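Here the structure comes first, spelled out in structure tokens, and everything after it is commentary.
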């Protein structure tokens, strides 16, 4: 296993090889020290937002193959040795040259805030006058909320005058007060919990009291009316508006206005409540209102209970009991804004907490579950139940490639997909089983059969794990799984009991086109009508089969179950046997036609990302260590014998060669460029709306890839170019919008059902009545390049 270690600034990146999932963090630090020359005590390692601490393993942090760990180097503190040196290192802030405040200055307010707080009541008493302003104490007015621009019913409780600024002379107090200098202290009728609010004179006016009749409304008239910007068909708050048009029919009356929302406005809004249009009262025109006036109807503050005080509501009242009593004993959660009685909590509180912030039990973060920097990880219940956690064996099981985990996942088809995987031709080769899992051809890392006992088998691996297997290329006899003691963390064992037709054995039997029979087996009369099974041959099968690949794993196409039956195997126990026969249009990779096709497509062995670099580093280290040993022997006149009477022998190749190493072939195979069929080229030319995208894709055919086949490079380019912005998959039933973006029809339908009528990629307004037409040329090309990719979508 290998990983990447990168410094925080991104300047240095090194591959750390020869690791295990059970490698300790302190061991990793020593390897990093050899590469980065940083002491372990100065290393801070971060992975997925967590600081890695000693005592844990890579498995504890779930570090996977070729993942990147960030390295932050601690700076060693060097204290000044003399007073002169210490004085020279003073910052600009300490020496008084800094323009901003120092930390001590920032923490000190110099008495400014306190003076402002202490002097405010004195100033208000000094400038409190009863003869100021147009509106007097206890008069009913309309006050405007400066945030939303709506007018609310309020009552004046106090009138004051602004204190003179420092630039004005003190004699200005004797001049008559202007309306702009007046401050009104008002209290909202519907929101007494807000207390007394100070308002400028421009945000206060006489209470609206006159309803304008329909026949008196005129275009261009400025009035006050009810409107809801969020839900125009429901009752909202009261806004100023200018009437833009008016229309009356035999059955309805329509009124449109430009609604003023503070500094902004909404144009041509249809007004629902045309019988509740109020005249704006001008200052000094009417008599002041001191009696209880008629109340206007506004939208309910709670849409759940419609402000019904007799109804329990868990939205606007206590979230637990729904009661409205004891508002002074309610706490508001700073996260969800829900109210809670202190005696409804579990456990209940005796008093309101003095903290500024409070969170309800559903929103608060459990401090015991938070892992701070420098703390050890919490014990995982899931990992505590694993066999590796309870095993007393000291074997390092974390070095195998089956333990590293997938770095990516096949999503172009679902996991229960029958038949070929789109974009994976017959003859595709992978070095490790985990890569086969990532491609989607055979998803289990270790198991030989992938399937479900109530559905069927989707794929299997022919690896020679059972001595009863017989391989003839186009057909083979396969042995079921089970009958072995794999307790603990074992990968394989000898046959120790009879197999049963359950689990994956039953799944593979369901692929046979015959009724299931768990006693005697069954044989299909029409075996081609059975469910397809993807077959992968492994290099381990080469001990019993000449059709196995020379290295790694190879996809050999589609096979179908002809029959299955129980019999006593070579081990003496009952095993289930399956006869599978090849049913694939693509030639087998061991035939001459198959080899020519592999050469034409340029299919080569695929290695995990970073594998070749790690292997090269490992061989380089071996060569360096070998050279050092030879130099030491030559310098010390050592005997060429190494060990007990054994002579050291150099290989003819100049160094040890590793079986299965990608460096053993020096001759490069000439790769033919991939070319489209005449039908595919015609369909691409027909898709004129995506001509620019196709030009970019076709340009990739001219590029010669450094690794991989041109065919797979072309498919990956197509998949990247025609990816749906919504589902992040290859577009299916594509809709090419007028703004030249491709979206799945199902994704666009879902967007329209959510009342979003714009392009998901660029927000271009498509309109409610947009006609969705599937781009058939594009869909046909994608079906030919990725056959079956629409299954399950």
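Just so it is clear, glycine is given a Cβ too, placed from its N, Cα and C backbone atoms.
From 91, 104, 487, the position flagged in Swiss-Prot as phosphoserine is 91. Residue-level annotations in Swiss-Prot identify, among 233, 297, 303, 670, 670 as SUMO2 cross-link. Checking the ranges 82-124, 383-425 against Swiss-Prot, the region 'Disordered' annotation falls on 82-124. Looking at 462-465, 466-469, 470-473, the stretch flagged in Swiss-Prot as region 'Required for formation of a 5-methylcytosine-binding pocket' turns out to be 466-469. Looking up 18, 174, 244, 298 in Swiss-Prot, the residue bearing an annotation of phosphoserine is 298. The 10 Å shell around the Cβ of residue 298 (phosphoserine) contains 18 further Cβ atoms across the protein chains shown.
The Cβ neighbour count for residue 709 (phosphoserine), using a 10 Å radius and every protein chain shown, is 23. Here the Cβ of residue 546 (N6-acetyllysine) has 10 other Cβ atoms within 10 Å, regardless of which shown protein chain they belong to. A simple Cβ count within 10 Å picks out one of the modified residues 76, 399 as the most packed, and that one is 399.
If you count neighbouring Cβ atoms within 10 Å for each of the recorded sites 316, 479, the highest count belongs to 479. A distance of 66 Å separates the Cα atom of residue 76 (phosphoserine) from that of residue 298 (phosphoserine).
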